[in-house]
Amino acid sequence: RMFHDDELEESEKFYVGQPRVLLLIYALYNTLVARSEMVCYFVIILNHMISASMITLVLPILIFLWAMLSVPRPSKRFWMTAIVYTEVAIVIKYFFQFGFFPWNKHVDYTKDKPYHPPNIIGIEKKEGYVHYDLVQLLALFFHRSILKCHGLWDEDEKGESSSNKEDTDDELSLAGGRRDSSASLKSVNLAASVESIHVHFPEQQTAIRRKSSSSISQLSHRSSFSSHRSKRGKYISKSINHATLSLYLLQCKLHVIQSHCGLCCFRTLQVYVPIRQFFYNLIHPDYSAVTDVYVLMFLADTVDFIIIVFGFWAFGKHSAAADITSSLSEDQVPEAFLVMVLIQFGTMVVDRALYLKKTVMGKVIFQVILVFGIHFWMFFILPGVTERKFSQNTVAQLWYFVKCVYFGLSAYQIRCGYPTRVLGNFLTKSYNYVNLFLFQGFRLVPFLTELRAVMDWVWTDTTLSLSSWICVEDIYAHIFILKCWRESEKRYPQPRGQKKKKVVKYGMGGMIIVLLICIVWFPLLFMSLIKSVAGITNKPLDVSITITLGGYQPIFTMSAQQNQLKDLEPNEFNDFLRSYRGNTAALQFLEGYGREDITRADLEGNSNSLWTISPPSRKKMIQGLLDFSADFRVVLSWTIQRYKNMKYFISLFFSRTLEEVYPYYIKAPSDSLAKPIKQLLRGMYCKWENITVSLVKNVSEDGVREWWVLNQLGKRQKMSQESLELFIFSDKVSPPSLGFLAGYGIMGLYASVVLVIGKFVREFFSGISHSIMFEELPNVDRILKLCTDIFLVRETGELELEEDLYAKLIFLYRSPETMIKWTREKT
């Protein structure tokens, strides 16, 4: 070898022989060193997420609007600004921790108020007030040390003199005999600092250049590029414009020095001109490293969209315990959820439009508006809406962090510039199974393909109509899918004359069989398991009994609530099951119920209302009871009220006797009808319980008061007073999260789910013969190239050629013979 060093070779061997854990630590440290600026950004954003104050708000905005937009890297001035600002912030926070300030005397009362002025500014007294600021300062000094080790900290100052010298020589050659004025113009640069405010002579320009700041060097570096291009005959007008602006600025400075009346305007101009020049150079760069990170920005926006949907309660007032499924099931759309979703979706649409138009200026304006708008909303408006500080809102913090990732990607896109050609979908860059299934999943999302096609047509220069555009997109998607299948066939060829392997047959075929069986029997399995496995007990809240004689005024009304509705004890439940040991029908019925599903209602025997009946009606009712030749009906009705005010009611009609009229066991199903349980009633003919009915009179000075008393003869619990017992078997109901699906019932699920899915499956298995000429294409490379040529000429502005290629594509699909020639395998 030409270059050989024994010490380096020994060092390499020593490094390779280290343990894997130590090598991992070395790799992590090297990664940290290589991306030390990203570590600083992360710590600054984390500090702002935890503190959420005006003091920590400045640096994140500077990151997204200055540091990440700087080419090729943030200047020394930015890092010095960040370091000095962090040190000043630490001193300010430390100074306001003393207890003699009025707002520090009631810290426990004001610490959770989002609009308390010290909390907004960030000077409140709290434990660990400076921990994250110290970590931030440590990260900044770490990055500063890395830059110094690589010689990048003073890079601008070192390259300043040479760049200014080149610029001066170019301007001297351009201006001819005006050397003095040219040198003076260079001494007063657009981004000049206060030290260079006076007019200098040519012999002093070298010393002045050494004093200038890092921003001057950056602009001088750009000026050197412009001067080199001017030598090639390009961008001469740009250099002249810069010289004209410099001359105008020099005249303003001379006027200010002489008059002293416009000092404020000069200070403003001194701040405005460098900022304007920074963004001008950003929009009109000398060189553009074109890149495309739109996919990553779209994914970041999608993650934020998902966070809003599943954590919308964090963006509204008094909605911490809200549930989006319950709100939507009640046909209620929360205002905070609607606003956040619309804003997020609107930003995604605007971002897509800027990407298609490839306008860097619009992206810069959108970035500035979005950075200030998001920070103003998240840290000043949202805490007032939610009535809690941003640092106490975890979902909002997560949303803001993902949005910061989006801001970083947007800044990178602005700095590098948009790509000149946007061809097809990002999922169609390669032809494999992963891209195939992802692309098909993308097309299955409702309205996403249509929305993307319409937006692309609106914001792309084309001569095609909307229908023709959609036709080309559909052909391209179809050809891409065929291309993926043909590539997979080439990678995994199937020899002729060999049967399919069992792995393929049982893998693919078995999966399809299981899937089809699950779809067919899904409603039955769902309705069976939803209540037996995931069902919840729905106990009765109120049980009422009413007895009416022949349609007259009710003689007895009584209800059982709260303490009168009792659960069965384990020994009582076991005795209850033991009593039906020989009854197969009863045991089969009891298999679906547990001890928690049975409720015993103890009703008082005395009616809770007086018997108020008029004397004529009373006399007529007595005559009807004495007439044994006519039927006199007794109406016994019960009402069971359960959760969500679901009432179950039934009326039973019997003869005038009160024997075997009391059901004793009642089933409260999930429908609207409560009925007796015939399997549990003893006897071959459903023998019910007997009750006694007696009228009680109370004569007092106020008059005669009457009420009825009922007593059940065959009570399980032996109680001395007159009373009634009633056992209620409550069916389990589906949980609230699945109630919207279980509410359709078995037949509803078959009609809405199985039949709809069956229609799509049938379309997959039928109608294949009509699409053979478009599906069985051996080689689709020529058609795919024709589609990409349409995209390419559209991007380059050859609109007439786009029309010709589109007509060629349509003719190809109209001519089967030409399609056969185009899709033959290459020989």
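Cβ coordinates are placed from backbone N, Cα and C, and glycine is handled just like the others.
It should be emphasised that the depicted structure is a prediction, and the values quoted were computed from it without experimental measurement.
Copied over from TrEMBL, here are the features:
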TRANSMEM  14-32  transmembrane segment
DOMAIN    34-154  domain 'Piezo transmembrane helical unit'
TRANSMEM  39-66  transmembrane segment
TRANSMEM  78-96  transmembrane segment
REGION    156-178  region 'Disordered'
REGION    205-230  region 'Disordered'
COMPBIAS  213-227  compositional bias 'Low complexity'
DOMAIN    291-528  domain 'Piezo THU9 and anchor'
TRANSMEM  293-316  transmembrane segment
TRANSMEM  336-355  transmembrane segment
TRANSMEM  364-386  transmembrane segment
TRANSMEM  398-418  transmembrane segment
TRANSMEM  430-446  transmembrane segment
TRANSMEM  466-485  transmembrane segment
TRANSMEM  506-530  transmembrane segment
DOMAIN    566-645  domain 'Piezo non-specific cation channel cap'
DOMAIN    657-825  domain 'Piezo non-specific cation channel cap'
TRANSMEM  738-761  transmembrane segment
Checklist outcome for this item: Near the transmembrane segment (39-66) in space but 6 or more residues beyond its ends, with Cβ under 8 Å, are 32, 74, 78, 81-82, 85-86, 89, 92-93, 119-123, 132-133, 135-136, 139-140, 142-143, 278, 367-368, 371-372, 375, 379, 383, 389-391, 397, 400-401, 404, 407-408, 411
Checklist outcome for this item: For the domain 'Piezo non-specific cation channel cap' (566-645), the DSSP helix/strand/coil residue counts are 34 helix, 19 strand, 27 coil
Next on the checklist: Please count the residues of the domain 'Piezo transmembrane helical unit' (34-154) that DSSP assigns to helix (H, G, I), strand (E, B) and coil.
Outcome noted: 82 helix, 0 strand, 39 coil
Checklist outcome for this item: Taken over the domain 'Piezo non-specific cation channel cap' (566-645), the predicted model's pLDDT averages 77
